[in-house]
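Listed in Swiss-Prot for this protein:
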type	residues	note
DOMAIN	4-186	domain 'tr-type G'
BINDING	16, 17, 18, 19, 20, 21, 133, 134, 135, 136	GTP binding site
């Protein structure tokens, strides 16, 4: 194979800037997919991806392109997720490429996530082609967007293709730019020791785990003995090939190619994205750079509403885990919610997507507790424990300090919302770092703040303040000590473990008051009075009372029969005291959802 005719590239963009639509047009123009098989967002395989208009799972496809210089080229398009939760996957798929197409919406301009992904591409030394999309919109301002890209990112836009991916206008210019500007895989050597980067994996019920790979050097054939360098696990290649986007089997793959390989691997946990495949007989000395083990950043408890569906829920998690190695879970029991699982996710979007897939694809009705981050708890006996479940936090006297994860957040916003967004960040314990100018009307705010404050309703407030115009991205910068306490909720004197949360001391009173008030509204009245208390240790910081129903036991008495009336009321009072001692309070599902929505 002539390596000079190969082009490996990704498309990067902010959500809704037209990445998947451009991919569709490229598939059409190169006749990769027949017109009758074409559908919108073809590379987005899940219904959730199409409905939300986002890419979650990576996809790759090989295309053939006949260029203007009468040459035939092979393009490998590696589709990438655009959301901050999946940054590591984006970085690995970019590492499989030599170039990237940066798609920017002509009416929106440069957004926070655009910057995040561009910097990843720059870190991978990729050739970046800026493409300005949606030029057919009435609100498009091409010159302004060109200026933004040149000023903020430093890319020359004088020859940028100006396109409409929706109508197909000028998309041919993008294909020609790929040929002219993106380099071929020049370092690809066939006779060197095998090195292949795993940039994605999924489970197939016939083949087992299928790994999406980019061969950096060496060759790979069916029957070869291979080794995964992070675990030293050895396997035999059973089949390999390329995607067009259909699965096409081949006998071998060469250096510089992008394809897939299966080796009878049973579970996806055995394969790590970013790992290097090498040969058992002639192994490489060093793995490829950039591999790291992914750790969940956000945890929550998920429980089936119907307790009889526990086994179905467990099987559904096992099936989803086959195609998503970043999901972690372990069994958990709650006094309030019964049997369920403590699940770990890469971020809030990842959590929502997994929950939605469980409910949709497996017909389950689920309830989730408030999300929590991983805290580092330093005990007085010098031990350090990592904790993601607030209910398991030790007593205050055993703790010397608690550290929580901090992130650096970049918010791209129109200038008019800056004051309100700065207030929001300060209310979320943000530390101001910098403000960068995009143009006359847009700025980038840079803050450092606790991750726990971002997962707690930050996104909704940001969108509400900016009327949807602001966008943000964040990255973990490490752990810092904070004044944190565990707040519990007691109903009728009994602690409800599913309501426990770790909060900053500064917010404990407001959140306690807001939550007790919300629960008072949502929990139905009982036949006895129910106190709703927010507590820190033994101290009650907020209390509301759900009044009892008052049954009129005296309705059939004569007005003059005062002693009988008094006797009946005393009896009712005794009954209520007894009922309160043995009575349990039914908590409706809405109450568990309310904990996610309480306002500061």
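The backbone N, Cα and C atoms fix where each Cβ goes, glycine too.
For the binding-site residues 20, 133, counting C-beta atoms within 10 A of each C-beta gives the highest total at 133. Residues near residue 18 (GTP binding site) in space but far in sequence (CB under 8 A, at least 6 apart, same chain), listed by position: 103, 105, 133, 134, 165, 166. Summarising the environment of residue 135 (GTP binding site), the number of other Cβ atoms within 10 Å of its Cβ, over all protein chains shown, is 20.
Residues listed for GTP, 16, 17, 18, 19, 20, 21, 133, 134, 135, 136, cover a largest CA to CA span of 17 Å. A mean pLDDT of 82 is what the model gives for the domain 'tr-type G' (4-186).
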